[in-house]
Amino acid sequence: MYIAIAGNIGSGKTTLTGKLAEHFGWEPRYESADDNPYLEDFYEDMSKWAFPLQIYFLNSRYRQVMEVSRTEQPIIQDRSLYEDAHIFSRQLNADGHLTDRDAECFKSVFDSVTETAPAPDLLIYLRTSVPQLLDHIRKRGREYEQSISRAYLTGLNEYYEEWISNYDSGKLLIIDMEDKDFVENSADLQQIIGSIDAELHAQKARV
């Protein structure tokens, strides 16, 4: 079984991945910011580093996804394979940081990769407002993220909503994060777990 969590920067994907992995006994696959050789440079100069960063993320996520076919252990992934192509590269292209040529090249590589990559059995989307995102980014205190603008997050959210409204690669669960704090409020976490349980049991019933 393969579960993926999708959501904007600061939506809580990594934290929720860990909590769900612990609760369900799933094997987590994280998007590691600390090991990324491009991320800090990217936020210093987006135009210079946008293309190699996107390729790095795509390769990293593809390798994680392909583990699904080599293990019987359920895997939960912190950010899906699809988001770099449908969200981030489009925003970077719209902002002028990724040239049309590089954007087309990246989309071509993505299309080739997804021909062999399995789709998630369940995609969980964390719908999060821009004020919440900015608050979470400020609180976690990564220095290189403090320059992320409201406009950038707003653009990403718009692309997320467009993508999610057309998502047809598998089962989708949308979690509205407004007024939810699954870190401090155990009831919020249990509500999320209950929603996921319901989706997974519904899947089993349909098999």
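Positions of Cβ are set from backbone N, Cα and C atoms, glycine also.
Matching Gln54, Gln64, Gln132 to the substrate binding residues that TrEMBL gives (Glu31, Tyr43, Arg79, Asp84, Glu145) identifies Gln54. Closest in space to Asp78 (active site, proton acceptor), of the binding-site residues given as Gly7, Gln54, Asp84, Glu145, is Gly7, taking the CA atom of each residue. Here the C-alpha separation of Glu145 (substrate binding site) and Ile9 (ATP binding site) works out to 9 Å.
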